[in-house]
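K.L.:
One structure follows; several queries about it will come next.
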Amino acid sequence: MRDKLNSILKIATNEIDGANTLEQLNDLRVKYLGKKGEITAVLRQMGSLSPEERPVVGKYANEVKEQIQELVCDREKELKQKEMEQKLTQETIDITLPGVKRNIGGLNPLTIVKRKMEEVFMSMGYEIVEGPEIENEYFNFEALNLPSTHPARDMQDTFYITKEFLLRTHTSPVQIRTMLNKQGKLPVKIASPGRVFRKDDDPTHSPIFQQIEGLVIDKDITMADLKGTLLLFAQKMFGTNKKIRLRPSYFPFTEPSAEVDISCIMCEGNGCSTCSDTGWVEILGAGMVHPNVLKNAGYDPSEVKGFAFGIGIERVAMLKYGVKDIRDFYSGDIRVSKQFIGG
Ligand code: 2NL
(Lines of atoms letter the chains of each structure in order from A; the text may use other names.)
(Lines give C-alpha, C1' and ligand atoms only; values in the text may rest on other atoms or scores of the structure.)
Protein backbone atom coordinates (compact mmCIF):
# COMPACT_ATOMS: atom_id res chain seq x y z
CA MET A 1 0.00 0.00 0.00
CA ARG A 2 2.96 2.27 0.69
CA ASP A 3 4.05 1.57 -2.92
CA LYS A 4 0.60 2.40 -4.18
CA LEU A 5 0.71 5.73 -2.29
CA ASN A 6 4.21 6.47 -3.63
CA SER A 7 3.08 5.84 -7.17
CA ILE A 8 0.00 8.07 -6.67
CA LEU A 9 2.28 10.84 -5.34
CA LYS A 10 4.64 10.49 -8.31
CA ILE A 11 1.93 10.60 -10.96
CA ALA A 12 0.08 13.40 -9.14
CA THR A 13 3.28 15.47 -8.94
CA ASN A 14 3.78 15.09 -12.70
CA GLU A 15 0.19 15.87 -13.56
CA ILE A 16 -0.04 18.92 -11.27
CA ASP A 17 3.20 20.23 -12.73
CA GLY A 18 1.70 19.81 -16.18
CA ALA A 19 -1.59 21.55 -15.42
CA ASN A 20 -1.75 24.72 -17.52
CA THR A 21 -5.07 26.17 -16.44
CA LEU A 22 -6.93 26.60 -13.17
CA GLU A 23 -9.69 24.32 -14.53
CA GLN A 24 -7.24 21.51 -15.22
CA LEU A 25 -5.78 21.96 -11.75
CA ASN A 26 -9.19 21.79 -10.13
CA ASP A 27 -9.96 18.53 -11.98
CA LEU A 28 -6.72 17.09 -10.52
CA ARG A 29 -7.63 18.27 -7.04
CA VAL A 30 -10.88 16.31 -7.32
CA LYS A 31 -9.16 13.33 -8.89
CA TYR A 32 -6.66 12.92 -6.04
CA LEU A 33 -8.13 14.56 -2.98
CA GLY A 34 -11.91 14.41 -3.58
CA LYS A 35 -14.37 12.14 -1.75
CA LYS A 36 -14.20 9.71 -4.64
CA GLY A 37 -10.51 10.46 -5.24
CA GLU A 38 -7.53 8.10 -5.28
CA ILE A 39 -6.26 8.82 -1.76
CA THR A 40 -9.70 8.22 -0.33
CA ALA A 41 -9.80 4.93 -2.24
CA VAL A 42 -6.57 3.83 -0.56
CA LEU A 43 -7.79 4.84 2.89
CA ARG A 44 -10.94 2.74 2.31
CA GLN A 45 -8.81 -0.37 1.88
CA MET A 46 -7.18 0.09 5.32
CA GLY A 47 -9.55 -2.50 6.75
CA SER A 48 -7.50 -5.30 5.15
CA LEU A 49 -4.38 -4.26 7.10
CA SER A 50 -3.21 -5.61 10.42
CA PRO A 51 -3.81 -3.45 13.51
CA GLU A 52 -0.05 -2.71 13.68
CA GLU A 53 0.22 -1.56 10.07
CA ARG A 54 -2.96 0.55 10.09
CA PRO A 55 -1.71 3.63 11.99
CA VAL A 56 1.60 3.63 10.09
CA VAL A 57 -0.02 3.45 6.66
CA GLY A 58 -2.76 5.83 7.77
CA LYS A 59 -0.20 8.39 8.84
CA TYR A 60 1.70 7.99 5.59
CA ALA A 61 -1.47 8.34 3.52
CA ASN A 62 -2.23 11.61 5.30
CA GLU A 63 1.29 12.86 4.63
CA VAL A 64 0.89 12.06 0.92
CA LYS A 65 -2.45 13.79 0.95
CA GLU A 66 -0.92 16.88 2.53
CA GLN A 67 1.93 16.89 0.04
CA ILE A 68 -0.50 16.74 -2.88
CA GLN A 69 -2.54 19.51 -1.29
CA GLU A 70 0.59 21.63 -1.05
CA LEU A 71 1.50 20.90 -4.68
CA VAL A 72 -1.97 21.92 -5.84
CA CYS A 73 -1.76 25.06 -3.73
CA ASP A 74 1.66 26.05 -5.10
CA ARG A 75 0.62 25.37 -8.68
CA GLU A 76 -2.53 27.38 -8.17
CA LYS A 77 -0.46 30.37 -7.05
CA GLU A 78 1.78 30.01 -10.13
CA LEU A 79 -1.18 29.81 -12.51
CA LYS A 80 -2.91 32.81 -10.96
CA GLN A 81 0.32 34.78 -11.24
CA LYS A 82 0.62 33.78 -14.91
CA GLU A 83 -2.99 34.78 -15.58
CA MET A 84 -2.44 38.21 -13.99
CA GLU A 85 0.73 38.78 -16.03
CA GLN A 86 -1.13 37.86 -19.22
CA LYS A 87 -3.94 40.26 -18.38
CA LEU A 88 -1.46 43.06 -17.68
CA THR A 89 0.33 42.65 -21.00
CA GLN A 90 -2.94 42.40 -22.93
CA GLU A 91 -4.48 45.44 -21.30
CA THR A 92 -1.58 47.86 -21.42
CA ILE A 93 -2.56 51.40 -22.44
CA ASP A 94 -0.30 53.48 -24.63
CA ILE A 95 -0.52 56.76 -22.78
CA THR A 96 1.56 58.46 -25.48
CA LEU A 97 -1.29 58.09 -28.06
CA PRO A 98 -2.91 61.46 -28.84
CA GLY A 99 -6.52 61.81 -27.52
CA VAL A 100 -9.67 62.20 -29.63
CA LYS A 101 -10.38 65.91 -30.01
CA ARG A 102 -14.03 66.76 -29.28
CA ASN A 103 -15.76 69.61 -31.08
CA ILE A 104 -17.27 72.10 -28.68
CA GLY A 105 -20.44 73.83 -29.87
CA GLY A 106 -21.03 77.56 -29.82
CA LEU A 107 -24.28 79.43 -29.37
CA ASN A 108 -25.85 80.94 -32.44
CA PRO A 109 -25.14 84.70 -32.33
CA LEU A 110 -28.91 85.33 -32.40
CA THR A 111 -29.28 83.36 -29.17
CA ILE A 112 -26.47 85.36 -27.57
CA VAL A 113 -28.11 88.66 -28.60
CA LYS A 114 -31.61 87.51 -27.62
CA ARG A 115 -30.46 86.48 -24.13
CA LYS A 116 -28.59 89.76 -23.68
CA MET A 117 -31.71 91.74 -24.65
CA GLU A 118 -33.87 89.66 -22.30
CA GLU A 119 -31.39 90.43 -19.52
CA VAL A 120 -31.51 94.15 -20.27
CA PHE A 121 -35.32 94.24 -20.16
CA MET A 122 -35.53 92.05 -17.06
CA SER A 123 -33.11 94.46 -15.35
CA MET A 124 -35.62 97.20 -16.16
CA GLY A 125 -38.47 95.25 -14.54
CA TYR A 126 -40.04 93.65 -17.61
CA GLU A 127 -41.57 90.17 -17.46
CA ILE A 128 -40.58 87.90 -20.37
CA VAL A 129 -43.70 86.35 -21.98
CA GLU A 130 -43.77 83.87 -24.87
CA GLY A 131 -46.65 82.60 -26.99
CA PRO A 132 -47.65 80.41 -29.96
CA GLU A 133 -45.99 80.70 -33.38
CA ILE A 134 -49.20 79.60 -35.09
CA GLU A 135 -51.73 82.35 -34.50
CA ASN A 136 -55.32 83.19 -35.05
CA GLU A 137 -55.84 85.93 -37.65
CA TYR A 138 -57.68 87.97 -35.01
CA PHE A 139 -54.74 88.19 -32.56
CA ASN A 140 -52.15 88.71 -35.29
CA PHE A 141 -54.03 91.40 -37.28
CA GLU A 142 -57.56 92.42 -36.30
CA ALA A 143 -56.85 93.20 -32.63
CA LEU A 144 -53.79 95.22 -33.68
CA ASN A 145 -55.86 97.65 -35.71
CA LEU A 146 -54.89 96.07 -39.02
CA PRO A 147 -58.21 96.00 -40.94
CA SER A 148 -58.79 93.21 -43.48
CA THR A 149 -58.06 95.70 -46.27
CA HIS A 150 -54.55 96.43 -44.93
CA PRO A 151 -51.75 95.42 -47.36
CA ALA A 152 -49.79 93.66 -44.55
CA ARG A 153 -52.56 91.06 -44.45
CA ASP A 154 -51.98 90.16 -48.08
CA MET A 155 -51.44 86.47 -48.83
CA GLN A 156 -48.24 87.61 -50.49
CA ASP A 157 -46.61 88.67 -47.23
CA THR A 158 -48.08 86.20 -44.75
CA PHE A 159 -47.79 82.42 -44.48
CA TYR A 160 -51.42 81.34 -44.13
CA ILE A 161 -52.21 77.83 -42.88
CA THR A 162 -55.97 78.12 -43.27
CA LYS A 163 -58.21 81.13 -43.76
CA GLU A 164 -58.17 81.64 -40.00
CA PHE A 165 -54.71 80.41 -38.92
CA LEU A 166 -51.31 81.73 -39.93
CA LEU A 167 -47.66 81.89 -38.87
CA ARG A 168 -47.46 85.04 -36.73
CA THR A 169 -45.82 87.96 -38.54
CA HIS A 170 -44.77 89.65 -35.27
CA THR A 171 -44.85 88.83 -31.52
CA SER A 172 -47.55 91.45 -30.80
CA PRO A 173 -50.31 88.79 -30.53
CA VAL A 174 -48.52 87.46 -27.40
CA GLN A 175 -48.98 90.91 -25.88
CA ILE A 176 -52.64 91.11 -26.88
CA ARG A 177 -53.23 87.70 -25.24
CA THR A 178 -51.36 88.81 -22.09
CA MET A 179 -53.41 92.02 -21.78
CA LEU A 180 -56.68 90.12 -22.24
CA ASN A 181 -55.61 87.65 -19.52
CA LYS A 182 -54.94 90.53 -17.12
CA GLN A 183 -58.52 91.78 -17.58
CA GLY A 184 -57.67 95.47 -17.27
CA LYS A 185 -55.22 95.11 -14.35
CA LEU A 186 -52.26 97.55 -14.21
CA PRO A 187 -49.43 97.88 -14.84
CA VAL A 188 -48.56 95.83 -17.92
CA LYS A 189 -44.79 95.62 -18.40
CA ILE A 190 -43.77 92.77 -20.65
CA ALA A 191 -41.20 91.82 -23.29
CA SER A 192 -42.01 89.11 -25.83
CA PRO A 193 -39.16 87.50 -27.74
CA GLY A 194 -39.73 84.90 -30.44
CA ARG A 195 -39.63 83.64 -34.01
CA VAL A 196 -41.82 85.38 -36.58
CA PHE A 197 -42.50 84.66 -40.24
CA ARG A 198 -42.89 86.72 -43.41
CA LYS A 199 -42.60 85.96 -47.13
CA ASP A 200 -39.33 87.87 -47.57
CA ASP A 201 -35.97 86.55 -48.70
CA ASP A 202 -32.98 88.81 -49.50
CA PRO A 203 -29.70 89.89 -47.81
CA THR A 204 -31.57 91.94 -45.18
CA HIS A 205 -34.79 89.86 -44.93
CA SER A 206 -35.23 86.21 -43.97
CA PRO A 207 -38.58 84.34 -44.09
CA ILE A 208 -37.94 83.36 -40.47
CA PHE A 209 -36.58 85.99 -38.14
CA GLN A 210 -36.77 86.88 -34.46
CA GLN A 211 -37.91 89.93 -32.65
CA ILE A 212 -38.49 91.16 -29.16
CA GLU A 213 -41.40 93.48 -28.52
CA GLY A 214 -41.86 95.54 -25.40
CA LEU A 215 -45.14 96.86 -24.00
CA VAL A 216 -45.86 99.08 -21.01
CA ILE A 217 -49.41 100.10 -20.03
CA ASP A 218 -50.22 102.27 -17.02
CA LYS A 219 -51.81 105.56 -16.03
CA ASP A 220 -49.81 108.59 -17.21
CA ILE A 221 -47.43 106.79 -19.56
CA THR A 222 -45.96 109.25 -22.06
CA MET A 223 -43.68 109.36 -25.08
CA ALA A 224 -40.92 110.63 -22.75
CA ASP A 225 -41.08 107.28 -20.87
CA LEU A 226 -40.67 105.52 -24.22
CA LYS A 227 -37.69 107.65 -25.17
CA GLY A 228 -35.96 107.20 -21.81
CA THR A 229 -36.55 103.44 -21.95
CA LEU A 230 -35.09 103.13 -25.44
CA LEU A 231 -32.07 105.29 -24.58
CA LEU A 232 -31.32 103.05 -21.58
CA PHE A 233 -31.75 99.96 -23.76
CA ALA A 234 -29.38 101.34 -26.44
CA GLN A 235 -26.74 102.19 -23.84
CA LYS A 236 -26.97 98.86 -21.97
CA MET A 237 -26.75 97.03 -25.29
CA PHE A 238 -24.15 99.08 -27.19
CA GLY A 239 -22.34 101.27 -24.64
CA THR A 240 -23.06 104.27 -22.44
CA ASN A 241 -21.72 106.75 -25.02
CA LYS A 242 -24.63 105.99 -27.41
CA LYS A 243 -27.35 108.48 -28.32
CA ILE A 244 -30.73 107.85 -29.93
CA ARG A 245 -33.08 109.90 -32.09
CA LEU A 246 -36.74 109.40 -33.02
CA ARG A 247 -38.08 110.05 -36.53
CA PRO A 248 -41.83 110.20 -37.24
CA SER A 249 -43.16 107.02 -38.86
CA TYR A 250 -46.33 104.98 -39.25
CA PHE A 251 -47.53 101.67 -37.76
CA PRO A 252 -51.23 100.75 -37.65
CA PHE A 253 -50.97 99.70 -33.96
CA THR A 254 -49.29 102.86 -32.60
CA GLU A 255 -50.10 106.58 -32.78
CA PRO A 256 -47.88 108.51 -32.90
CA SER A 257 -45.25 106.14 -34.29
CA ALA A 258 -41.50 106.53 -34.62
CA GLU A 259 -38.48 104.90 -36.13
CA VAL A 260 -35.55 104.94 -33.73
CA ASP A 261 -31.90 105.43 -34.71
CA ILE A 262 -28.79 104.88 -32.60
CA SER A 263 -25.56 106.85 -33.05
CA CYS A 264 -23.43 104.68 -35.36
CA ILE A 265 -21.72 101.92 -33.41
CA MET A 266 -18.94 101.55 -36.03
CA CYS A 267 -17.78 105.15 -36.43
CA GLU A 268 -19.20 106.75 -33.26
CA GLY A 269 -21.14 109.18 -35.44
CA ASN A 270 -18.37 110.44 -37.73
CA GLY A 271 -19.72 108.74 -40.84
CA CYS A 272 -18.88 105.35 -42.39
CA SER A 273 -20.33 102.72 -44.73
CA THR A 274 -22.48 101.14 -41.99
CA CYS A 275 -24.37 104.43 -41.42
CA SER A 276 -24.05 105.63 -45.05
CA ASP A 277 -22.12 108.63 -43.70
CA THR A 278 -25.14 109.85 -41.69
CA GLY A 279 -23.76 108.96 -38.26
CA TRP A 280 -27.04 107.15 -37.40
CA VAL A 281 -28.36 103.60 -37.90
CA GLU A 282 -31.97 102.50 -37.54
CA ILE A 283 -32.47 99.83 -34.84
CA LEU A 284 -36.17 99.65 -34.02
CA GLY A 285 -39.74 100.87 -34.41
CA ALA A 286 -41.94 102.17 -31.59
CA GLY A 287 -44.87 104.35 -30.62
CA MET A 288 -47.78 105.03 -28.25
CA VAL A 289 -50.28 102.16 -28.28
CA HIS A 290 -53.20 103.02 -30.57
CA PRO A 291 -56.51 103.65 -28.70
CA ASN A 292 -58.22 100.95 -30.79
CA VAL A 293 -55.60 98.39 -29.68
CA LEU A 294 -56.04 99.34 -26.01
CA LYS A 295 -59.82 98.94 -26.41
CA ASN A 296 -59.48 95.54 -28.15
CA ALA A 297 -57.23 94.37 -25.30
CA GLY A 298 -59.71 95.35 -22.57
CA TYR A 299 -58.27 98.73 -21.49
CA ASP A 300 -60.00 102.13 -21.54
CA PRO A 301 -57.89 104.53 -23.69
CA SER A 302 -59.29 107.55 -21.83
CA GLU A 303 -57.97 106.14 -18.54
CA VAL A 304 -54.65 104.50 -19.45
CA LYS A 305 -51.87 105.00 -21.96
CA GLY A 306 -49.10 102.74 -23.18
CA PHE A 307 -45.99 102.57 -25.29
CA ALA A 308 -44.72 99.69 -27.39
CA PHE A 309 -41.67 98.89 -29.46
CA GLY A 310 -40.38 96.13 -31.71
CA ILE A 311 -36.71 95.25 -32.19
CA GLY A 312 -35.36 92.86 -34.81
CA ILE A 313 -32.88 90.50 -33.15
CA GLU A 314 -31.07 89.86 -36.45
CA ARG A 315 -30.78 93.60 -37.02
CA VAL A 316 -29.04 94.08 -33.66
CA ALA A 317 -26.82 91.01 -34.20
CA MET A 318 -25.80 92.22 -37.69
CA LEU A 319 -24.79 95.58 -36.24
CA LYS A 320 -23.03 94.11 -33.20
CA TYR A 321 -21.01 91.55 -35.19
CA GLY A 322 -20.73 93.25 -38.60
CA VAL A 323 -22.69 90.52 -40.41
CA LYS A 324 -23.66 91.65 -43.93
CA ASP A 325 -26.17 88.91 -44.95
CA ILE A 326 -29.02 87.99 -42.54
CA ARG A 327 -29.19 84.52 -44.08
CA ASP A 328 -25.73 83.64 -42.62
CA PHE A 329 -27.49 83.26 -39.23
CA TYR A 330 -29.70 80.50 -40.63
CA SER A 331 -27.20 78.76 -42.96
CA GLY A 332 -26.23 76.16 -40.33
CA ASP A 333 -22.63 76.66 -41.52
CA ILE A 334 -20.36 75.86 -38.56
CA ARG A 335 -17.81 78.39 -39.82
CA VAL A 336 -20.34 80.99 -38.64
CA SER A 337 -21.06 79.49 -35.19
CA LYS A 338 -17.37 78.61 -34.59
CA GLN A 339 -16.63 82.32 -34.35
CA PHE A 340 -18.97 82.59 -31.37
CA ILE A 341 -17.62 79.75 -29.19
CA GLY A 342 -17.38 80.98 -25.63
CA GLY A 343 -19.96 83.71 -26.18
C1 2NL B 1 -40.64 97.18 -35.99
C2 2NL B 1 -41.80 97.84 -35.37
C3 2NL B 1 -43.27 97.73 -33.53
C4 2NL B 1 -45.00 97.47 -31.91
C5 2NL B 1 -44.03 96.93 -32.71
C6 2NL B 1 -46.96 96.85 -30.58
C7 2NL B 1 -47.57 95.82 -29.87
C8 2NL B 1 -48.78 96.06 -29.30
C9 2NL B 1 -49.41 97.25 -29.43
C10 2NL B 1 -48.76 98.21 -30.12
CL11 2NL B 1 -49.56 94.79 -28.47
N12 2NL B 1 -47.56 98.03 -30.69
N13 2NL B 1 -45.77 96.62 -31.13
C14 2NL B 1 -45.19 98.85 -31.92
C15 2NL B 1 -44.42 99.65 -32.74
C16 2NL B 1 -43.46 99.09 -33.56
O17 2NL B 1 -42.32 97.11 -34.31
O18 2NL B 1 -40.14 97.69 -36.94
N19 2NL B 1 -40.18 96.07 -35.45
C20 2NL B 1 -39.03 95.40 -35.97
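Cβ from N, Cα, C; glycine included.
The feature Mg(2+) binding site is assigned by TrEMBL to Glu255. Residues or ranges marked as domain 'Aminoacyl-transfer RNA synthetases class-II family profile' by TrEMBL: 113-319.
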K.L.:
So for Glu255 (Mg(2+) binding site), how many other CB atoms are inside 10 Å of its CB?
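P.N.:
Other Cβ atoms found within 10 Å: 15.
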K.L.:
Taking every residue in the domain 'Aminoacyl-transfer RNA synthetases class-II family profile' (113-319), what is their average pLDDT?
P.N.:
95
